[in-house]
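Written below as structure tokens is the structure these notes are about.
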Amino acid sequence: MGKEKTHVNLVVIGHVDAGKSTTTGHLIYKCGGIDKRTIEKFEKEADELGKGSFKYAWVLDKLKAERERGITIDIALWKFQTPKYYVTVIDAPGHRDFIKNMITGTSQADCAILIIAGGVGEFEAGISKDGQTREHALLAFTLGVKQLIVAINKMDSVKWSQDRYNEICKETANFVKKVGYNPKSVPFVPISGWNGDNMIEASTNCDWYKGWTKETKAGEVKGKTLLEAIDAIEPPVRPSDKPLRLPLQDVYKIGGIGTVPVGRVETGVIKAGMVVTFAPANVTTEVKSVEMHHEILPDGGFPGDNVGFNVKNVSVKDIRRGNVAGDSKNDPPKGCDSFNAQVIVLNHPGQIGAGYAPVLDCHTAHIACKFDTLIEKIDRRTGKKMEDSPKFIKSGDAAIVKMVPSKPMCVEAFTEYPPLGRFAVRDMRQTVAVGVIKSVEKSDKAGGKVTKAAQKAAKK
């Protein structure tokens, strides 16, 4: 069998018509986990509807529709392989909640693919001031997606013009630099997601294209296709050696077993026999067993695993979604009284001042928080201070803000526990701002509930 391939998570960003579905569909279709039967079924349907030529996007649209109707389609459909990696596409945008998903996302992306439409007029629209492209790229960078690949799509529509390609590369390089990426470490690939040029095999339509290069710590890496660029992602480091943080998605009561909290391990490891503390509930108890997909995990749950674990002497009323479990003996999680965050306002119709109290989505918590003090306005790219104690901030601004939650919540500094240190600010049914937590004022509440099981385990 050999060693299992490393898993990486990709997020695909770009303007609404850049061809994200077709390109992603093509990769999944050619290198992916969609079984032949499903493909044949979709192709037949596409042909019957006269959408035969549209098959990649059609396959993806079908999957998307099923996903949105809440049919939990086999998640393998969103996976494909490169020689080195198992790749999961964690969000194909065009999704209303794309921004929220990216922040509270079920997982952190290791790399973003920015798809740019090369068509005349299309490129200009996608990258314009108010373009979604800018917002998505900025988000990816702010939220710690350190690696980027740029695919310049629809090159067939400009007859594989080298001049057009160079013009777009130059503009896009400036664009990604403004967002915060170093263009030298970003591969640029001209593709046709539709016809498949430079997707998996090198194209015969652009003799002028000599391939992409990117600078890495280990030196220069070269390749030709989009698949090779994905294969050249630098392997991500998974935080299993950090203390445990496991935000709860749900808490179930299961007859004959008892209370079973469920969630995704973000950092550290959760094992049977461990004594965990839930914050901000301030409840401490012993973990009896840990399982995933109804199978016991003898070695415990690791970062990225969605696990259920059985706890003793705790009722469903004691803990809830949005609580965070951690190791009671190793930097246990705590509730917070306030926290300071770098907030970037994306789209708010008015001005935001002290006293504004929208809902924050941070990991699985969904809690109203007050903008207590606007400490300073900063330059979004460099982080340098521009103004002390601004009265207001508006769309496009970045500021350091002291936030006070309306009820107990557990968050962490982004530098220490990234998934618990980024949040979306929701108001008027949209994401109006995003934030990265700089520091947390933790509440040291004495007392709290320590179960008999925990006391017993401590004596062992």
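Counting starts with 1 at the first residue shown.
A Cβ is built for glycine as well, from the same backbone N, Cα and C atoms used for every other residue.
As annotated in Swiss-Prot, region 'G4' covers the listed stretch 153-156 rather than the other ranges in 153-156, 201-204, 305-308, 337-340.
Per Swiss-Prot, the listed range annotated as region 'G1' is 14-21 (candidates: 14-21, 22-29, 182-189, 286-293). Looking at 70-74, 95-99, 260-264, 375-379, the range annotated in Swiss-Prot as region 'G2' turns out to be 70-74. Gly14 (GTP binding site) and Lys30 (N6-methyllysine) have their C-alpha atoms 22 Å apart, to the nearest angstrom. Closest in space to Lys317 (N6,N6-dimethyllysine), of the recorded positions given as Lys30, Lys79, Met155, Lys391, is Lys79, taking the CA atom of each residue. Each residue contributes its Cα atom, and for Lys30 (N6-methyllysine) and Lys79 (N6,N6,N6-trimethyllysine) those atoms are 11 Å apart. DSSP classifies Lys30 (N6-methyllysine) as helix under the three-state reduction.
Just so you know, the Cβ of Lys391 (N6-methyllysine) picks up 10 other Cβ atoms within 10 Å once every protein chain is counted.
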